[in-house]
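Have a look at the structure below, then the notes.
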């Protein structure tokens, strides 16, 4: 068989005894039929095959199979043809190239063709169009991939939610444990104080009664030496009692923010010599030797009295916990926060402190070992007060210790006037106000409920916030604060922790568990830096006293726009439009409204707002169109746009918006307070950002 006629002369016996030509049979079937030589040359193609690829039969005959395929599929066809030479018949999926350039998926059934003597000369190929099946398979594959993606996404979300819940549980458990430990520590402290205060007081009463009794016997019978000894014991007990009371009062003042610094210039060498002279008699009683190494020369600007109190406390402790050893006081120049400072070290050769107890040294109402106070007396507040005083002076206090090897306390403070304070100035009550007088014409800003038992804190916050349009409500106890919160529903609450009666933690827990109050932002303002507890219980932010004006303003500015800020609210739903507008106006904004996109553009033509709050689903002109028009108009293209929508946006819609808007917020999951915070953030009242957040 040398040409196409070779194929067409193949015949099959007919029903009347004659032969039916091969072509007559194959031209009547829907599947494509190809007869080709061993080198792939096409000898015959039926009408279905030619039509399938967009050709005439005559156009295919004489060409090779490979002329109707891409290079990659031609390579595979040559491999298949090679197996045909080995006499292998196969069925497989294959892709031909249609005349228009598209690919055509087919199911190919190929078998060798042989001469009568068995010589193989070519292949017979039956081809079925399976494009529809392939399309369905592709759709199924995409559906499967999408399902797998969604399952993976949901699984990831569940894992994340579970991890977040686990973290919250752990944080709450830790907060509860810390609160319980603090309560136990306070109880132990109060029980110890009851004993500590009664002991010297009983001695004063007892010895004064003895002296009175001696005096009642008449002057002639007086034993002046005995009375002198008794008076000495009264004096010592009274001094001890005074030191106990001073410790408690000092800590109370520091915690309440009432303690002041009185900075002055003095010779550090004279001060440390006074400390050594004071402690030396006590050291000799316990067989200790004191060494002074003063490597800092010159004047120091600081609170002399408080620095002396810190050194006396540290030196007293060193002597108390060292027997027949050495206590050293070393001063040297140092660097603190990039500025000149002085380092004062108290080094003893005493019993040392274990690592697990060092962490508790500076905590109020907590001692490294409660038995220490029972053995040596005192309040156990000395190191807490030292730490507070060092921090007030802009410095730090550190401790290094090993059991049996002694202990080193290291105090580092600025050597010049910290924060530019003048001599005898107060770090709390001399803030640098931008404007001191109240402004009656200030815009009506958010209501701030201040819950603090210290009137001075109320005065300070009033002086900072009132001139900037905040409405201020004062509560001087936890119970009063809760009552006013229910009555006034403030926009934000500042809350102290240490208050008599119901403390700040209890108030915060109650606020976050009561309907109607749980969404009110609460900013903790306390001398105690327990921000982890605050955040675990639901606080929005945490400020540590003394109150810093700039930090307070920056924190509360999230709930108070700057004077003159304006917004355009574009929302077709009247209730939503009114709610957002009222919140903005109550916070001092100037607000314009539009019920659809067309009206919004008319308003923009007349007045330029600082921000546009935009719904997406609106009649006449939707939010997508408004955003795109604004970005094309030079007058409006830089106005921030915050989208607030109930739509579930797909990837294409999100990508479309990303080119035009600053934020995307969901009505379904966002509170109005969160919307206000995002709006203020966008126009630069908080952190500046242009990322789209979903």
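Glycine is no exception: its Cβ is also placed from the backbone N, Cα and C atoms.
According to TrEMBL, the feature domain 'PAS' maps to 22-72. Mapped onto DSSP helix, strand and coil, the domain 'PAS' (22-72) counts 22 helix, 12 strand, 17 coil.
Positions annotated as domain 'PAC' by TrEMBL: 90-142.
In this model, the coiled coil (126-178) carries an average pLDDT of 90. If you look up TrEMBL, you'll see 126-178 marked as coiled coil.
Under the heading domain 'Histidine kinase', TrEMBL lists 192-417.
The annotation domain 'Response regulatory' is assigned in TrEMBL to 447-560 (among others).
According to TrEMBL, the feature 4-aspartylphosphate maps to 496 (among others). In the three-state DSSP scheme, residue 496 (4-aspartylphosphate) is classed as coil.
The domain 'Response regulatory' annotation in TrEMBL covers 566-682 (among others). Secondary structure of the domain 'Response regulatory' (566-682), assigned with DSSP and counted as helix (H, G, I), strand (E, B) and coil, comes to 52 helix, 23 strand, 42 coil.
Residues or ranges marked as 4-aspartylphosphate in TrEMBL: 615 (among others). Sequence-distant neighbours of residue 615 (4-aspartylphosphate) (same chain, 6+ residues apart, CB-CB distance under 8 A): 570, 571, 572, 573, 576, 623, 643, 644, 645.
Within 10 Å of the Cβ of residue 496 (4-aspartylphosphate) there are 26 other Cβ atoms, across all protein chains. Across the candidate stretches 22-72, 90-142, 566-682, the maximum count of CB pairs under 8 A to the domain 'Response regulatory' (447-560) is reached by 566-682.
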